[in-house]
Amino acid sequence: MDLSYWSTDDYRDSWLRALRRVDAAQDEVDSCLVTSVSEPATANFVHAWPLYRRGTDVYVQNSVIFLTELTEEFRPAEPWLSIEPRATVDEDGNEISEWRTTIEEVRAFLSTCQ
């Protein structure tokens, strides 16, 4: 975890916003937990765990957001705007590793953070 740009409080606040976004959705929404970010103006990438809510399931993947490949500027307050849509197979046909949890488990975790 890079602490040169964000403090641990910044990461926590970002995670809370991302998880609340997942919780507030009625059925389907994409969000992400930033796991490492440097100054976006000079960084090449951001590490994140995209969260894809589909009904009562929430899928989590590991991702690197390449800042030079974005069509719009990276927004640290809304990092989910920079994640790719959920895919289960990459461009080479390999299965993408992901974890499945439930919205109930996300809510249970959120209740410990408030």
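A Cβ is built for glycine as well, from the same backbone N, Cα and C atoms used for every other residue.
All TrEMBL annotations are machine predictions without curation.
Feature annotation from TrEMBL assigns domain 'CdiI C-terminal' to 1-109.
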DSSP helix/strand/coil residue counts for the domain 'CdiI C-terminal' (1-109): 31 helix, 35 strand, 43 coil
Predicted model, mean pLDDT over the domain 'CdiI C-terminal' (1-109): 95
